[in-house]
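Written out below as structure tokens is the structure these notes cover.
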Amino acid sequence: MRRTVLAAFALFALLVPSANAAEPRIAAGVTAAGTDVSGLTLAEAAGKLYNTFGFSVGRPLSTHAAGHKYAVNPSDLGFVYDVNKTARRAYNAGLKPHTQPVDVPLFVTYDAAKVTAYATKVAADLKRDPRDARVDIKLKSIGKVASKDGRAIDATALATSVGAALSDPAKDRILKPKVKVVRPKVTTAGLSKAYGTIITIDRGNFKLRLFKNLKVSKTYGVAVGMPAYPTPTGRFNIANKAVNPAWTAPNSPWAGAYANETVEGGSAENPLKARWMGIVNGVGIHGTGAPGSIGSRASHGCIRMTVPDVIDLYPRVPVGTPVLIGN
């Protein structure tokens with residue numbers, strides 16, 4: 001009877017594995033993010049991985065660029081570090097045949113939308129639009145307002161870097177994205193070309209100044225509008241040009257018998273002699289048959305020049321030329 005009991009117990013011992021044999025262990029040569037977990041149970045590996053990375057992966061990330069810093073906590077990006085799944089990942093990797101050491105990444109997750117939102121916000125805050133150089137037009141001189149470079153960073157590239165830093169504890173927690181310099185379309189050096197021709201009309205001194213490459217090229221005497229019909233002041237552009245233009249007289253008492261009539265270009269009755277450079281609302285630069293009026297307030301708003309002077313000026317002034325009229 002005793003032999004039968006002993007035999008039965010021995011058989012039971014063979015059939016029931018020990019507690020230690022029941023716990024799976026990670027194969028030799030397996031690491032997780034560089035930390036050796038070989039030979040450990042899943043629970044032991046999880047504990048070691050928590051002690052090794054639990055603090056470091058939760059540290060804030062910070063983006064440094066253009067003298068600015070933008071810190072963010074991983075938890076605000078939906079970051080979760082799962083030690084149990086990392087241990088399981090290491091265990092599963094060890095089940096596959098391998099002759100070389102095997103390293104697995106940590107099992108982490110984060111909210112991609114939140115990462116993108118963070119990167120987009122940083123990029124928007126850092127962005128600076130470039131400022132084109134411009135001219136400061138005065139009646140007697142042209143000043144320069146310098147251009148300024150802009151800057152930008154790639155929000156998509158930054159989001160990728162954030163994701164990489166969250167996923168790998170070995171990555172630097174300080175991100176330094178490349179700052180792109182954005183050049184203005186018009187640089188200070190390019191102002192002379194951009195504003196090759198400028199005209200100023202000095203009503204008080206009856207002078208028209210032609211600027212080429214921001215320097216005075218020629219000065220002409222002019223007549224301007226009489227007090228009842230003043231030449232308008234402000235910043236304008238040459239709108240149109242014509243040689244021996246026809247004149248459509250306005251419906252105004254000063255037009256006399258020509259009111260609402262069109263007078264043929266080049267005729268003796270046409271007050272627009274030789275050339276026309278339109279500016280605004282029927283006001284323009286033209287030759288005059290009364291050269292003695294130059295240097296006075298004599299017109300009905302237009303800028304009069306002698307015929308030789310207006311012919312000389314005409315080819316020097318393209319349509320679109322900036323015009324400043326002032327006192």
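The backbone N, Cα and C atoms fix where each Cβ goes, glycine too.
Quick look at what TrEMBL lists:
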SIGNAL    1-21  signal peptide
DOMAIN    197-326  domain 'L,D-TPase catalytic'
ACT_SITE  His286  active site, proton donor/acceptor
ACT_SITE  Cys302  active site, nucleophile
Do me a favour and check the Cα-Cα span between His286 (active site, proton donor/acceptor) and Cys302 (active site, nucleophile); whole Å is fine. 8
Let me know the model's mean pLDDT on the domain 'L,D-TPase catalytic' (197-326). 92
What same-chain residues, at least 6 away in sequence, bring their CB to under 8 Å of the CB of Cys302 (active site, nucleophile)? Gly225, Thr231, Val283, Gly284, Ile285, His286
According to DSSP, which kind of secondary structure is the residue listed as 'active site, nucleophile' found in, if we only use helix, strand and coil? coil
If you count Cβ atoms within 10 Å of the Cβ of His286 (active site, proton donor/acceptor), leaving out that atom itself, what do you get? 25
